[in-house]
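What follows is a single structure, written as structure tokens, with notes after it.
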Amino acid sequence: MARSVLVPPGPDSFRFFTRESLAAIEQRIAEEKAKRPKQERKDEDDENGPKPNSDLEAGKSLPFIYGDIPPEMVSEPLEDLDPYYINKKTFIVLNKGKAISRFSATSALYILTPFNPIRKLAIKILVHSLFNVLIMCTILTNCVFMTMSNPPDWTKNVEYTFTGIYTFESLIKILARGFCLEDFTFLRNPWNWLDFTVITFAYVTEFVNLGNVSALRTFRVLRALKTISVIPGLKTIVGALIQSVKKLSDVMILTVFCLSVFALIGLQLFMGNLRNKCLQWPPDNSTFEINITSFFNNSLDWNGTAFNRTVNMFNWDEYIEDKSHFYFLEGQNDALLCGNSSDAGQCPEGYICVKAGRNPNYGYTSFDTFSWAFLSLFRLMTQDFWENLYQLTLRAAGKTYMIFFVLVIFLGSFYLINLILAVVAMAYEEQNQATLEEAEQKEAEFQQMLEQLKKQQEEAQAAAAAASAESRDFSGAGGIGVFSESSSVASKLSSKSEKELKNRRKKKKQKEQAGEEEKEDAVRKSASEDSIRKKGFQFSLEGSRLTYEKRFSSPHQSLLSIRGSLFSPRRNSRASLFNFKGRVKDIGSENDFADDEHSTFEDNDSRRDSLFVPHRHGERRPSNVSQASRASRGIPTLPMNGKMHSAVDCNGVVSLVGGPSALTSPVGQLLPEGTTTETEIRKRRSSSYHVSMDLLEDPSRQRAMSMASILTNTMEELEESRQKCPPCWYKFANMCLIWDCCKPWLKVKHVVNLVVMDPFVDLAITICIVLNTLFMAMEHYPMTEQFSSVLSVGNLVFTGIFTAEMFLKIIAMDPYYYFQEGWNIFDGFIVSLSLMELGLANVEGLSVLRSFRLLRVFKLAKSWPTLNMLIKIIGNSVGALGNLTLVLAIIVFIFAVVGMQLFGKSYKECVCKISNDCELPRWHMHHFFHSFLIVFRVLCGEWIETMWDCMEVAGQTMCLTVFMMVMVIGNLVVLNLFLALLLSSFSSDNLAATDDDNEMNNLQIAVGRMQKGIDFVKRKIREFIQKAFVRKQKALDEIKPLEDLNNKKDSCISNHTTIEIGKDLNYLKDGNGTTSGIGSSVEKYVVDESDYMSFINNPSLTVTVPIALGESDFENLNTEEFSSESDMEESKEKLNATSSSEGSTVDIGAPAEGEQPEAEPEESLEPEACFTEDCVRKFKCCQISIEEGKGKLWWNLRKTCYKIVEHNWFETFIVFMILLSSGALAFEDIYIEQRKTIKTMLEYADKVFTYIFILEMLLKWVAYGFQMYFTNAWCWLDFLIVDVSLVSLTANALGYSELGAIKSLRTLRALRPLRALSRFEGMRVVVNALLGAIPSIMNVLLVCLIFWLIFSIMGVNLFAGKFYHCINYTTGEMFDVSVVNNYSECQALIESNQTARWKNVKVNFDNVGLGYLSLLQVATFKGWMDIMYAAVDSRNVELQPKYEDNLYMYLYFVIFIIFGSFFTLNLFIGVIIDNFNQQKKKFGGQDIFMTEEQKKYYNAMKKLGSKKPQKPIPRPANKFQGMVFDFVTKQVFDISIMILICLNMVTMMVETDDQSQEMTNILYWINLVFIVLFTGECVLKLISLRHYYFTIGWNIFDFVVVILSIVGMFLAELIEKYFVSPTLFRVIRLARIGRILRLIKGAKGIRTLLFALMMSLPALFNIGLLLFLVMFIYAIFGMSNFAYVKREVGIDDMFNFETFGNSMICLFQITTSAGWDGLLAPILNSGPPDCDPEKDHPGSSVKGDCGNPSVGIFFFVSYIIISFLVVVNMYIAVILENFSVATEESAEPLSEDDFEMFYEVWEKFDPDATQFIEFCKLSDFAAALDPPLLIAKPNKVQLIAMDLPMVSGDRIHCLDILFAFTKRVLGESGEMDALRIQMEERFMASNPSKVSYEPITTTLKRKQEEVSAIVIQRAYRRYLLKQKVKKVSSIYKKDKGKEDEGTPIKEDIITDKLNENSTPEKTDVTPSTTSPPSYDSVTKPEKEKFEKDKSEKEDKGKDIRESKK
């Protein structure tokens, strides 16, 4: 890192780039070359080589550390600052804006050296900021010209001008940079390629005549892309997009693969089906019938000639081709489809079903060839208009094929689309991580640079200290402030411009300067975030001491303690320099400005852990601070050295804590004790600010300032921002905007202030807002006179109230302060608009102003946290995603222009192909606006219909390409955009408790006061009654303590973030810790001074207060842990356990100890008490003795019942009954009347079921007792459902069955299946998860409703009553405006008995409710076209609509779709996913959608790779078999099989519907060849692998496929000859597709994704079950309500609610919200002439075919919300989860594949699969592995050091080796332990045998033993020698002593080693001499494992231990 500091920062680092510099560079390069030998040069670009400094990249701004550029150096060549380029030929140029441009120092175009004046000039022009502006303007103007559809002639010259400017730009760039050879030249930048191509094309089209010019002209559109290259922020975004596309490669491959497979299936199943049409029987003709029959019999080979040559008068071909002979439904372009199978669509009387004519939708919807099938499948996957495809296919092929669609929708659509989502989300996450890390690294580098400045700073320090001593007033109440703004940068993607920051700063300055005049009355109770920042230093007096006390001990840290304030404001790049946090996960959290070492508070990972910040006791904390404002904090300024901080000690003395100088001479001033008012504090704060400013301007300061350039910058920044407003403005503001002229006025002001600022007034205003909203929502059409007058009066009143509120507030606060606050500005804006609107009420066309009143709704946000949050999220996202949105806009623009240029003319010329009356349809590309609308519609996911039109007029290939590009690119960007939105500005932290953390807002205070008042009255009444009646002291005594408690609670509302005392009481604390002022009752609660002292004296103290949400009582004080750093870790762990219960008030302990997360009641064999204790206490009769008499009998009865109820057979029986009774409901369709026997059976069954359920209920009552029964929610559900049955039974018995109420009750029987919920574990789990999410879903739903309300009211204002039109009701056509202009003319027609009718559109905006429905249709993109057409055509009330008269009303819908649909629906997805993640955390990270059983399956899947070493399949002894074996096991064999599979797939794709006989035969033989080949493969493998063949899963799969293929061939022959069942035949052919699936085996990426799917299956199964249950209930409900509805629009003979099957088919379609508008439309018919209420239905007593609009709307809306939002999103949540798990698994350093490899190698060394290997072979084994596990030779030492346990025979177990090797790869870590435990579990599961081998020793011990043995041997030899030589015995004794000393030491080592390895509880293991240590003791790591299901293993361990003892 030091390399980046080579160039000294500061102004002296800039040097001109001269010839000498160039020479020096050349010399360095030469030296470098000479130094290095040739080979090394190749590895030059190695990863570990030096990298360019990312801060000095071209295009970035110069970092602040370099200070200002001397003016003479601007735009001049300078030497490169980046050390990386020290030996590269480059130089840099800086412009005025300090942007870095880097150029190559070689000659440009071989002639211009860097010193050439021409090149210098070019460079000056290029880097000038205006140059970019010019190009930008040119591009934009050019874009405007491009949007013209028929440009006039003079535009040609304009074109030339543009081309000229672009050419000039490129020339400048080429002159300045060079063309293409060196780095940093023109063509080295990909963005310049774009320019180059654009210009070349411009010239080419000009001078060369190329024919189709319009196609080439479209290339000009790419100029719009140049905007991207000009705006710096966009480049990064585009980079990000490209990154995420790269990431998508795997998913794309999988998607294409799956779609191909499904398309092949579709091809086989539905080939040619969609051409079946209903043909009219020809004129009566006997020969025809013969022909027809022969036609059907020979249908496979008819050639189109007439069949019967004898009859030539009838030409079948011509007859079929004539369209008029087909059956058309009215209004349809395509003939009615039909099918020949029993469950397909039938033809009307007189028609037969024949395959003829073209396919539907211009012939583009079909499965006839692979390509069309693929398109259809792609359409299914993107779910665009798929209901149409679904209905056509089911009609033509039969309802059974619904299964195909279910599979494709669930596996294809939901799964694949969401996988794309998951991948994109992950790409984003990774990018965010990367930017964070980069920022961290930068901070470290800067820290080093700052150290270089240390010396300069120290000099400045002395001067500063002296200066501070001169100025007495320098000290302030809380530091002098440069106010940091890090909250604005808190959003991950935010790149707010410095301008904004400066403006904010400017506001603050004004505030501060005016602050001197601020008077006491201007106390504001509720301030927004902004004003909080303005209030300056949020830390309290003591807090500041705490923060800065230890700071000066290490001088170089001081500067960075102000982490973001110095550097961030001027940077424009995405991650501002210091805006990140080191170890804290949440960006922008509490201690951004504390040093890492001396962090004020321990960094806690959870944001909810509140901080203990003692607050200044004179200052009320402003109320409405939201989450973000915590991140915005005040920062004390740095006088020159940045080291002087002021602190206030406990006596109120302000001292300057600076370097030693400041400490030794503490200059301070006593704050007056207890008298300072809040205002004075504030005043003092602002005045001190002035002092600091004057101080800085003092001339004597200048020298010191020049010492450290960094500070110069900061100060300049201050002065600049201060001078933004000239001083005269402040004078003016003080004079005119602050009103405090005379005493009486001040008194008035004071009174007004008291009134306006009172919480009750706030409450009243809020109520007014709600009422006003209601009034606006009550408008409807048609309204009576009185009603509208009431509304207008109401509006006047509300306008008056709001105006009054505004004026009073202005009086109370002074205009200056009033407009300092965001909400007030907002109010002011709305009030002035309302007044304006009153003035302009009579002017036509300004009714739009009325919709501005709607913005008042947003005032609710002030007191409604979730709404506030939503607005913030949208605000943040719009800001943060500004760049992305821009990219999207550019893309939309480009495609709109391309569409217009390419297809505009064709639409005009070929319009008759797509429109009956040869008028341009609504969706065309002839003009730019319409082209834009089409592109927008494609982005909404509706591309297929417009594409058909396009293909019809402009040719298939071009249209397909353009539309697919828009679809993929646009949708990817949109998806990216909203994902980024959700990821960056949305986490449930802000959802759950936005405002809990801050002081209660005024509403809560007001409500609290009311509550208090009510309590007080209640208490007084109670006391009075007790005094009057019960004159007992005791009663009073009982009340007293409670009362006290209440008082305490009320008087002190503690708060999460800070412990603030006495909020309402505004008292002050004087120096001695007593309280003066109001509220002595609070004295007990004042935190004692000593607490603060402990803070101050021990800065390392931290307090963590874990809190449960939503509780704000003082009890939180008891949970604090005052702890020093030493026990911090522990409390952190505790916290992580407790704070995980976010969102609930109950802490669920970590489930680690083995208890289930849901604590179920203990299974006791005794029933519980019948009644609750309270009941027993009040009614003595409830208490029965169970010891004797009747009581005992009763008790025994209960015990018996309990046994019955608890028996699992009982439960099974009940479940069976529930299923039967639910099944019975499915039979009650419209045909039940005709099937009398079934009807009577059902009636009896119904009674039986009811009795059984009543019996069950009674049994449970007796067994469980009422208390237990009625406290269980599931029991309540049972109870209510049984009640319904009971009531209807009694009603039937009494003969009231025909009553309306009873009938509607009967429909409630549809809820019966709900009882199955509690019985099926899987569904119950999901429902619990859902219920957990309901609060936050409801919250967001409410917010969305408010949001939509605005659009709805706006819609009512714009369109109410304007959708009426006059139609001819026989033809259904609308009269033209020329014929009928208005209502009265229509009436005239009606009266003259014409067939006319004045009719409304069914879904309209006549009132707010219908408005909501319309908006829902628009948001789900279903039925939105009709609504939009009506809106666009509308003129005025009672006027006949005119085609596209009101064209720009489209924009209303576009805006709604963006905000109402994209934002709010995505927000839902965000909330749901987030919620489930939170619940998951709460349940200890397990999946909340799985039952225990399924979790086991899931874990098994996860551990799939854990295989035990298998015996390799032995090579057969037989010579022939051996040869085959060798051939089959070669890799070539596998690869060739794969190639064959691919070829087979291709041949299957070639098949088409209308292929010739010849082709069919060829394909038949090819297929035969493939079958033979695959059978051959199968046989070869069987020969060589013998019975082992079936041990491998894939082989079994292959085998089955081969068998099916062979059987299929024979069956196909049989079926063709004997049976005519084409479906069966087709299904059998599908078997061939199975072969393709074998490809999966080969592709790793696809395997990962499918693995993720496999892992999601259990959870998805549960969710699927729940979805089925919901569908079932709704189907039955639909059958009982809508069975007889008129068949029109979406309801017809196949898709209706008449039978259970049909209902399910319809509901499945709506699950994806497809086509629900069509099903709803007929149900909205409420009376004639739309439907006939008296119509008879044969065979049924029901009359009429009208629907019930209210029931229908409720039915569909609720179903859509439940299924679409909930289920689909749960699906998403599960997939995202498992996808990340699967990718993590594949991304870990050791994947399953590595373990497989380990075992494969193992098999060679351990052929008998003993699981052990001899120690001598270990070295070879380690060398034989592949990396990363490989340990190359020489590896003996490493292996010995691994200390592996050995068993007798010097053998080592494979697991131990694997552990040791993985440890080597992963390093020591917690993960390692987890992995080890996991592997051991897997192993134990598969090999119980392992335990029996007891290790005796380890490799290390073995080595030590060997060494010891050698030592002993040597000693003994020496001893013998000594004996022989007969030396003096004393020497011998000495020697002996040495040996004795030696051995014990060795033994100690061994013992230590053993203990080190053994687990804590087994430390009593004795040295190895007594008995072999247990296997566990040698292998287990230090950390104890807590696996509950491994109890048997533990027991074994215990036995071993006991035997040792």
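From the backbone N, Cα and C atoms, a Cβ is placed for every residue, glycine too.
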Which candidate, of N308, N1055, N1778, Swiss-Prot gives the annotation N-linked glycosylation site:
N308
N291, N883 - the residue Swiss-Prot records as N-linked glycosylation site:
N291
Under the topology that Swiss-Prot records, do G1332 and S1726 share one side of the membrane?
no
Check for me: which candidate out of C910, C912 does Swiss-Prot give as the disulfide partner of C918?
C912
Can you check which of S554, S568 Swiss-Prot annotates as phosphoserine?
S554
Of S13, S526, S540, S1080, which one does Swiss-Prot label phosphoserine?
S526
When you look at the intramembrane segment (1700-1722) alongside the intramembrane segment (370-394), do they share 3+ Cβ pairs under 8 Å, ignoring any pair fewer than 6 residues apart in sequence?
yes
Spatial neighbours of the intramembrane segment (928-948) far in sequence, C-beta under 8 Å, 6+ residues away:
147-149, 361-362, 364, 379, 382-385, 892-893, 895-897, 899-900, 904, 922, 959-960, 963, 966-967, 970-971, 974, 1421, 1447, 1450, 1454, 1457
Reported as an integer number of Å, what is the Cα distance between N1382 (N-linked glycosylation site) and N340 (N-linked glycosylation site)?
50
Using CB atoms and a 10 A radius, I'd like the single residue among the glycosylation sites N340, N1368, N1393 with the highest neighbour count.
N340
From the DSSP assignment alone, can you count helix, strand and coil residues within the topological domain 'Cytoplasmic' (1320-1336)?
16 helix, 0 strand, 1 coil
Using a 10 Å radius around its CB, how many other CB atoms surround N1382 (N-linked glycosylation site)?
17
For the topological domain 'Cytoplasmic' (983-1209), what is the mean per-residue pLDDT, to the nearest integer?
56
Roughly how many Å lie between the Cα atoms of N340 (N-linked glycosylation site) and N1368 (N-linked glycosylation site), rounded to a whole value?
37
Euclidean distance between Cα atoms of N1368 (N-linked glycosylation site) and N1393 (N-linked glycosylation site), Å:
12
What does DSSP assign N1368 (N-linked glycosylation site), in three states?
strand
Local backbone state of N340 (N-linked glycosylation site), from DSSP in three classes:
coil
DSSP three-state assignment for N1382 (N-linked glycosylation site):
strand
Would you mind listing the long-range same-chain contacts of the topological domain 'Cytoplasmic' (1581-1592), meaning Cβ under 8 Å and 6+ residues beyond its ends?
1513, 1516, 1521, 1524-1525, 1527-1529, 1599
DSSP-derived structure type at N1393 (N-linked glycosylation site), helix or strand or else coil:
coil
Can you tell me which parts of the same chain pack against the topological domain 'Cytoplasmic' (1260-1273), counting only residues 6+ beyond its ends and a CB-CB cutoff under 8 A?
1167-1172, 1197-1198, 1201-1202, 1204-1206, 1279
